[in-house]
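Working notes, beginning with the structure itself.
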Amino acid sequence: MMFIRSLLFLFFLFFTSNASSLKQTYVIHTVKTNTKDIVSSLLNSLQTDSNIQDDNDFALPEIHYIYENAMSGFSATLTDDQLETVKNSRGFISAYLDELLSLHTTHSHEFLGLEFGIGLWNKTSLSSDVIIGLVDTGISPEHVSFRDTHMPPVPSRWRGSCDEGTNFSSSSCNKKIIGAGAYYKGYESIVGKINETTDFRSARDAQGHGTHTASTAAGDIVRKASYFGLAKGRFASGMRFSSRIAAYKACWALGCASTDVLAAIDRAILDGVDVISLSLGGSSRPFYVDPIAIAAFGAMQKNIFVSCSAGNSGPAKSTVSNGAPWLMTVAASYTDRTFPAIVRIGTGKKIVGSSLYKGKGFENLSLAFNTTAGGGSGAEFCVRNSLKRELVEGKIVICLRGAGGRTAKGEEVKQNGGVAMLLVSRQTEGEELLADPHVLPAVSIGYSDGIVLLKYIAGGGGAANATVASIGFRGTEYGARAPIVAAFSSRGPSVAGPEIVKPDISAPGLNILAGWSPFSSPSLLRSDPRRVQFNIISGTSMACPHVSGIAALIKSVHGDWSPAMIKSALLTTASTTDNRNQPIGDMGAGPNSAATAFDFGAGHVDTTRAVDPGLVYDLSTVDYLNYLCSLSYTSERILLFSGTNYTCPPTPGDLNYPSFAVNLANGAKMKTVRSYRRTVTNVGSPACEYMAHVEEPKGVEVRVEPKVLKFQKVRERLSYTVTFVAEASRDSSSSFGALVWISDKHKVRSPIAVTWE
């Protein structure tokens, strides 16, 4: 390692090129043992370079990181000629440009059934040391959620450190936050130097997102936490509040550079975390050019569970990101907590929306929208500088979602004298009722009610009625129908891996209360002077740390389980019915529409059942490599994951995944037959018997052999085959069902998604 660093230092000082001064940052993959050889090759090219003119021709490369745990390679800013030198070096595998990935931006534990002394919140599961590493915007170490009162000493196996930086010292860590670091070299090579008047070149969180996700996964118990009195329950708590936290800051104002995210994951693996939580991602792409997929593969090999957000591009189909099978991909759903506001328009029609405003309501105020609010470009969306004060002052202003940030629309209304805002969802956002921390009284309204509202104002209110509205704010209420899959949550099927059902599972992600940074307003607007300890925000970013914390709980009970076994336990015990015992709904298609496996995977996470699943589907590194073989990956592409040469078997076989994605060609002349083999491991009673129960997808006959699995001991493995006989063609593109193995104590459910392409 020291030899490599010495070579890189010399390389930085002396390697020059007379090529174009245009430089770009790359992730460079190498064979495990050949990083130093590539650098040596670069140095050798220097000795033969006789074209150096003077200092003006110098184009010094910038070496950012050396990766040794998540993958093998390094990142560097290079000219085109320097990149060619790298590509021609022995041991080089591939290189691709750095890019900016995006963030997928209390009551949860009760809604998920976590109670003291019961199930996963018992004394045994909370006492063992589990370390959760979060790659995000950093952490606020002084936050009450990260107190280390009564925590035992840091485990001796921990290899991490608390890196000092701007406004962050080694004493910022404690027995709760046991590691912290900041990674910004890639970001600064793309965006420019970080403005330290608004952020910190350290692990300190200036945005709030990282503090929110960390406190959701592992924050300590905080009694009577709330957002200005809203969402106040008995207490706020992380899913596994006794876990240690390691905060790796790789996300900044404009996003997260993939080179920095790789460096953070690389460090987390070296430090010795048990779980990695990633509430970020990019667009779906093949796994061999997906830095998160590649880095997470390295983590999986070290027995680290990796949880990722599915993305916020729903409800459009095939938008899910982070689709590799060794990742847990988490969709977002509602809890039963709401923040209702009642809007009554001049016709007497009542519209139920959502609001985080707690003050008095408004009676019969005039409405303003588009031409009656500004008439300029973007006035219907209330974008910056689109409204006219003389048209909106003293009125309730209607703004459509889209074309800008939701809280920024409220800022535009307030700055022009509007007293309140009605934020209306378009068809693409569906009936979603987001509760945002606006700077003025504001109500979120769904698409259907929005049509009623817009028709009313377009008609002028009629001869007897002006276009007016009244608003009443009802605070916090519990008991709404839930869970429901959020409209914004990204959907399957996965473009990168259609052979796997993605997302995997859903968890609370809408209107989530959790910790916040004191350096950021709740609205994220600079004009907003408010500061809060806890904030309410939404996204699959919020769903991901719920599952990260729950995985930590399962790992504390089953310390010898592989990441695949933990994932299997979560998937096969997930719930597909809501608190009304009805099928879980899909807000993207309307709350009365049932969600499918492409919306929420196996279903909604069930913490009580996940700790005792009965059977699990296990997977090893070789299994995943064989899966890559089945995708017809070249040996060079497989090398990105294996690190050493791997020979694919003649028949790779099926991936032992706890779900079934069956892809068929539509318009075939005869029925199509597909068979899949699976192996389950008994982790329940020593002697037990399971019978197969099938919920057949429409248009598909499902056969299971054998129909009964008889186990004689714990950890015994038995296999079965499922055969799908599908109709030649279908009008609909997808059909869904399930295979459930049932014993006297357990139900082990695997979703089935059949797609006619």
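Glycine residues also receive a Cβ, built from the backbone N, Cα and C atoms like all the rest.
Source: prediction; values computed, not measured.
Positions annotated as active site, charge relay system by TrEMBL: Asp136 (among others). If you draw a 10 Å sphere around the CB of Asp136 (active site, charge relay system), it holds 29 other CB atoms from the protein chains shown.
As annotated by TrEMBL, active site, charge relay system applies to His209 (among others).
Among the features that TrEMBL reports, active site, charge relay system is placed at Ser541 (among others).
Computed over the domain 'Inhibitor I9' (26-104), the whole-number mean pLDDT of the model equals 76. Feature annotation from TrEMBL assigns domain 'Inhibitor I9' to 26-104.
Each residue in the domain 'PA' (381-450) gets a DSSP state, and the totals come to 19 helix, 14 strand, 37 coil. Annotated domain 'PA' per TrEMBL: 381-450, in sequence order.
Feature annotation from TrEMBL assigns domain 'Subtilisin-like protease fibronectin type-III' to 654-754.
Look at TrEMBL and you will find 1-19 tagged as signal peptide.
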* Asked: Which whole-number value in Å describes the distance between the Cα atoms of Ser541 (active site, charge relay system) and His209 (active site, charge relay system)?
  -> 9
* Taking the Cβ of Ser541 (active site, charge relay system) as centre, how many other Cβ atoms lie within 10 Å? -> 30
* Structure fact -> Whole-Å Cα distance, His209 (active site, charge relay system) to Asp136 (active site, charge relay system), is 7
